[in-house]
Amino acid sequence: MSLSKKLTLDKLDVKGKRVIMRVDFNVPMKRNQVTNNQRIKASLPSIRYCLDNGARSVVLMSHLGRPDGVAMPDKYSLEPVAAELKSLLGKDVLFLKDCVGSEAEQACANPPAGSVILLENLRFHVEEEGKGQDPSGNKLKAEPDKVEAFRASLSKLGDVYVNDAFGTAHRAHSSMVGVNLPQKASGFLMKKELDYFAKALENPERPFLAILGGAKVADKIQLIKNMLDKVNEMIIGGGMAFTFLKVLNNMEIGASLFDKEGATIVKEIMAKAEKNRVNITFPVDFVIADKFEENAKVGQATVASGIPAGWVALDCGPETNKKYAQVVARAKLIVWNGPLGVFEWDAFANGTKALMDEIVKATSKGCITIIGGGDTATCCAKWNTEDKVSHVSTGGGASLELLEGKVLPGVEALSNL
């Protein structure tokens, strides 16, 4: 799957056309008010581009939360998003009470020029995801002919299709792969994601460094293996490191994370690294706690000293930070996925913060720095570094699957150039 050879919105002729656009308006709400409008703001350049270039209408579709294929307008309606979008765009937004069916089709058939229309939550229909469950917890499965009808109805709402929801690109949902129109383009958010991941996966600058944190080795096996075919250096940190250090150095790890399943392939991973001449750096010292709590008693440990029984490592220590800084300084391209410690608690945030500072420094010297979504993106928000790195991905699961070497259905479905 090529990331760089897909039709993009700037190459799509939208003049006089109805644009149906998949966006990610899955935003936090409290009492029917949007509490963080970041994702809505992020979609504005694509929406405005269509309007400025003479689109007849822009029909927006999104999911919100997990209604699991059941209509729950009291809890998961996108109606409050329409109000927020109206104030951000400075123009009226027509909200429709459903995303498919005759009323939606009629409203979108012949709209006044320059209309912006927001459809109700796609996931109120089990046909969007293909499966779900009812309020009593019984599993629901969509019938194939109904999925087809759902997709056909969505396809009637526009003349051209734009996908700007990278965060859902790893899901083969109806709105991602089932809108059957001749031209399907990526919006500007999606394009930025694909451009940056193409830089990493299709033609990387070197030395190329991957920094992998997070907890379980088993969850990251595919990621580590795929990246070992691409990078020159790798840092393995976070909770994942203890499984490696126990197997490779016979380190005493106390009550720190040990992943039995992951342990069985540590040697295979190291052999692959050696074969590919990839230099892997592990932590050498740690900040430890007598229990997994924010206000725990704090201590220090090294790989050599081991971690005392009952204690748990929750961050890497100052010597590790120095080692990592040297590795980062050598790189021309960095992909970072997963924090190095329990960064949510200040006592255990120093390792992740120190690394973030080094990555910001590297970026200012011309290194390309890509932050995978999820927790690592949260770190950027926490320390206000979103504008100080090259790219912060909006898709946790989607970016992880790309880095694992998987094909993303939502990208695959776009028109090829």
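Backbone N, Cα and C atoms are what each Cβ position is placed from, and that goes for glycine too.
Site annotation for AMP in Swiss-Prot covers A215, K216, K220, A313, E344, and the matching candidate from G237, G239, G299 is G239. Annotated ADP binding in Swiss-Prot involves G238, F343 plus, out of the candidates G214, G254, G366, the residue G214. In the three-state DSSP assignment, the secondary structure recorded for L122 ((2R)-3-phosphoglycerate binding site) is helix.
Once Cβ contacts within 10 Å are tallied over all protein chains shown, the modified residues K75, K86 are led by K86. When the Cα of Q38 ((2R)-3-phosphoglycerate binding site) is compared against those of the binding-site residues A313, G338, D375, the shortest separation belongs to D375. Non-local neighbourhood of F343 (CDP binding site): A349, T352, K353, D375, C379, K382, each in the same chain, at least six residues away, with C-beta under 8 Å from its C-beta. Here the recorded positions are K97, K131, H170, K291, and the one ringed by the most other CB atoms within 10 angstroms is H170. Listed in sequence order, L194, D195, A198, E202 are the same-chain residues at least 6 apart in sequence whose CB falls under 8 Å from the CB of S4 (phosphoserine).
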